[in-house]
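Record features (TrEMBL):
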{"type": "SIGNAL", "residues": "1-21", "note": "signal peptide"}
{"type": "DOMAIN", "residues": "1-132", "note": "domain 'Vitamin K epoxide reductase'"}
{"type": "TRANSMEM", "residues": "53-77", "note": "transmembrane segment"}
{"type": "TRANSMEM", "residues": "84-102", "note": "transmembrane segment"}
{"type": "TRANSMEM", "residues": "108-134", "note": "transmembrane segment"}
{"type": "TRANSMEM", "residues": "154-172", "note": "transmembrane segment"}
{"type": "TRANSMEM", "residues": "350-373", "note": "transmembrane segment"}
Amino acid sequence: MRTLPVLLLRLPLLVAIAASAALVVEYTNAGDPAFCGVTSGCFAVRMSPWSRLFGLAPLPSLGLAAYALLFGLTLVARRKSQHVLVASLAVPGGLFAAFLLWLQKTEIGAFCAWCVAVDLSAIVAALASVWVALRAWKDEGSVLLPQRRSVTTAWVTAAMLAVLVPFVWGRYPVEPPLPAAIQTASTPGKVTIIGFTDFECPFCRRMHPVLHGVVEKYGDRVTLVRKMMPLSGHPGAEPAALAYLCTPLPKREIVADELYAAEPEELTHEKIPKLLAQKAGLDADVLAGCMKAPETRAELERDKKLFEDLGGRGLPFTFVGKRVVLGFNPDRVEMAMTQELGGPRLSLPLWGMFVVLGVAFLLAVLVTLMTPVGDPDGDAPRKDRSPSA
């Protein structure tokens with residue numbers, strides 16, 4: 001019973017550290033999902049405005065620092081005032097975790113498994129910290145853990161692995177299978193770049209020459225496919241998308257050049273047919289009629305639905321073969337091409353990470369339970385002995 005409240009405090013903090021580290025890997029990775037597929041709830045949470053504090057600092061990075069600090073404090077807490085300090089920090093963290101769970105349910109409409117693991121662990125740790133503080137307030141010796149160096153080393157090692165192991169696994173992830181719709185649009189034997197775009201989007205316009213450069217560099221080893229995702233805040237994006245879909249395939253990239261370069265006020269149903277007729281190789285009236293056709297509208301809606309089904313939350317949103325590039329990130333596009341052309345690479349299954357961390361956490365618990373409470377040399381405990389190390 002002596003060790004139970006402290007174990008219930010430290011173990012959830014280790015879980016929170018490991019899950020936060022996994023999320024840090026996800027948030028710093030501009031492409032491949034290391035732990036979350038693009039259609040997962042984690043990806044939806046990651047792309048939501050709630051994933052960053054004041055739109056700047058990613059919450060997982062702040063969480064990792066906070067839980068590591070709390071865990072460190074549990075290792076050095078000796079007196080009741082120190083245990084109260086731990087509780088005073090852990091309880092607000094637990095309340096904030098409950099708020100984040102509520103946000104996932106009500107505002108985001110999706111649950112991230114890793115986030116849920118962090119949040120539930122934070123809530124358990126908060127409750128356990130209160131239990132430890134109350135017991136220590138009555139009797140500091142009631143939360144005393146073995147003081148031997150081997151015990152502290154076991155817990156420190158477990159914490160270090162909780163931070164480092166997710167970064168190792170994140171570097172060598174098992175790549176999720178391509179969504180069926182993306183696989184269907186891909187060209188066998190080539191690296192297919194499928195880019196969701198909005199012709200009025202500033203970052204999409206910056207991505208356009210990047211993708212052209214990749215196509216020129218790799219030639220017949222790559223195919224470029226554009227999918228339309230006009231954003232509601234860009235009034236010219238939808239007419240431009242309809243015009244692009246009406247353009248014959250051989251002329252589409254020429255038309256794309258024109259649409260990306262056009263001024264926003266030129267992207268209207270009235271002006272686009274005259275602007276693009278010659279480039280598209282179509283009569284202006286024919287192009288205008290096609291833009292109004294139900295078939296063209298249906299094709300646009302299919303592209304938009306595909307974007308939503310894939311969990312897209314921002315533009316540009318690009319698949320380079322099996323790899324995802326979020327936003328405007330030329331370096332990531334080049335890296336993805338290199339990886340795609342390089343063939344298969346080492347992949348570490350996720351269950352292996354759970355085994356490594358589970359063993360480390362279990363060893364810390366076993367070393368604690370098997371070591372007698374006393375001084376570093378194993379003497380019997382004294383009443384004035386300070387609490388857990």
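Including glycine, each Cβ sits where the backbone N, Cα and C put it.
Note on the domain 'Vitamin K epoxide reductase' (1-132): DSSP counts are 101 helix, 4 strand, 27 coil. On the 0 to 100 pLDDT scale, the domain 'Vitamin K epoxide reductase' (1-132) averages 89 in the predicted structure.
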